[in-house]
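Below is one structure, written out as structure tokens; comments come after it.
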Amino acid sequence: MSSTMKLIFFSFFTFLSFQTVFSVTPLIVQHPLDPLTEQEITLVQTIVLRKYPTSRNRLTFHYVGLDDPDKAAILKWQQSSKLVEINRKSFVIVIINSQIHEILIDLKAKLIVSDNIYKGNGFPTLSVEEQGQAIELPLKYGPFIASVNKRGLNLSEVVCSSFSIGWYGEAKSKRSVRVECFMKEDTANIYVRPINGITIQVDLDKMKIFEYHDTEIEPVPTANNTEYRASRQRPPFGPKQHSLTSHQPQGPGFQINGHSVSWANWKFHIGFDVRAGVIISLASIYDIEKHKSRRVLYRGYISELFVPYQDPSEDWYYKTFFDAGEFGFGQSMVPLVPNLDCPPNAQFLDAHFSQADGTPTTLNNAFCVFEQYGNIMWRHTETGIPNENIVETRTEVNLIVRSIVTVGNYDNILDWEFKASGSIKLGIALSGMLEIKAVEIKHKSEIKKEQHGTLVSANSIGVYHDHFYIYHLDLDIDGEYNSFEKTNLKTVKVTDGSSKRKSYWTIETETAKTESDGKIKIGTNPTELAVVNPNKQTSIGNDVGYRLIPGPAVHPLLTEDDYPQIRGAFTNNNVWVTPYNRTEKWAGGLYVDQSHGEDTLAVWTKRNRDIKNKDIVLWHVVGVHHVPTQEDFPIMPLLSTGFELRPTNFFERNPVLKTLSPKDVQWPGCPK
């Protein structure tokens, strides 16, 4: 879901800590995958407005991003010591006089390469500005003002938010949003104080309310115990937490050059897209035994987030949000708070994206990069050797790239964690507020019919819902040509009397030949899943590879013919594998708002293309079925999930066998 209202918190500077703010506004682009600069966005605006001047046209920019360079060209550029020039282009989606234009711009030549009008179903990502205009309309709309007065509420304490409406079988749709309103009186926690029973729908092209209903009056939940701002809270406070200072006497263990990061044995590139948010590209790891860097990941990012709520009533059925495609993960990122969102040793990078009029805007502290200490890398205590006591343990230091995406009531904390052992862990943590349905009920004993949620406070139902994230992972394990392997674990019974055991388990490995073979519902059978390079083997003959270690398996519970599930059919499997195609980026389609599900990952894979020993992309769905509890109210502690990409016969042996723990630092005045 979405809102243009974002609260930004600022932090004190911690004693004896430090932080470096790293701004990404280079005058000269150093890397072909760098996100668009302010100057390039301004150039895009100038070129489009030159052809379509505002004096004669109504236009709004809905997507301005780097057009993906040809993969072969990028790899050639990388292998040629970066001497090959890559011509940068920008892909732009603009609505001009109610028509959707797809414009490709050559940034070097400063000209339009192509300009096509899209006439299919669905609409582009909503702009922040039009949502801001839409939520102001009810406050000046007579019927709504009458509804507020009828409820005995103070109009000056009302704020509103915009919500995408989905698609439910209609042949043609107008570009519109629903608007819901809340009370900010006595609390900043507006989402737990909804004004229910009112339907407001806004035509975005005409920017006017075209549908309004006031069906019933439900009590607005009280503001008691809902305030989350530290400045407004009063004792007694929660468990006391002791302070900690951190210091790196040798400085950070990583280097950032533009958007390229070097750390330990890893090198990779951090990109940004207004729809995807953070993009990690060209990740390679140095193999100390082979004396060379080896490719692991060409490109990875969150392609879509599907959040369907589970209340089919008139006020709720439409709440089936696609947060990346409808609202833009990139434009929904928020500035990170030094020392709170990220530790004192973090470095920060900025991001730039286009506003609705094409003007660039800067998001300061969009991502942070930091080293995390304190875990164990490996260890062993040996007591089996007489007269010897051997204890060997190694401290783990990991590198984390973090961003936070706030779409309305939910904050998504997104981590890419790189380990010296070769693993990449992808973490998702949810915080923020529940979507609350206002009811007359004050105690669970009063519930007489299905409420589609949990009573989390008096008059407050936290509605059941899902969070499905799908990652686009273009793995290039030691090269582009890879295969997808399924290793099934199966039970074997001992029936010939050869052992005192009656059973054991073993494995059967099969290589997926087509896209149908690559569709996996995790959890139905014990299976190991890996992307391998059948053209590269270890010294003892195993195909080098990387394994997918999933988190808890989450499957959709909607029927496949339900309209939201048709649009979100990419969640029907936890794993998909496709041949690389630069146009297949968005699992929910290029135009997700009110889409008909005609351009999704589930549709692309019906071609059943060959994926054996090809340049392939792994798509992984990870998520949460969220049954709210009282502890989630009024603001929820982090709810986490994620997965890992782990080397599997990639190295000859443990790659961190000879990695030493960081030396201890003695601080003045501290006991030894």
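Glycine is treated like the rest: Cβ placed from N, Cα and C.
Listed features, source TrEMBL:
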- Asp323: active site, proton acceptor (ACT_SITE)
- Tyr410: active site, schiff-base intermediate with substrate (ACT_SITE)
- 31-116: domain 'Copper amine oxidase N2-terminal' (DOMAIN)
- 124-218: domain 'Copper amine oxidase N3-terminal' (DOMAIN)
- 245-657: domain 'Copper amine oxidase catalytic' (DOMAIN)
- Tyr410: 2',4',5'-topaquinone (MOD_RES)
Would you count the other CB atoms within 10 A of the CB of Tyr410 (active site, schiff-base intermediate with substrate), including those on all shown protein chains?
24
C-beta crowding around Asp323 (active site, proton acceptor), within 10 angstroms:
25
Between Asp323 (active site, proton acceptor) and the residue listed as 'active site, schiff-base intermediate with substrate', what C-alpha distance do you get in Å?
10
Using DSSP, how many residues of the domain 'Copper amine oxidase N3-terminal' (124-218) fall into helix, strand and coil, respectively?
26 helix, 28 strand, 41 coil
Taking the domain 'Copper amine oxidase N3-terminal' (124-218) alone, what is its mean pLDDT?
97
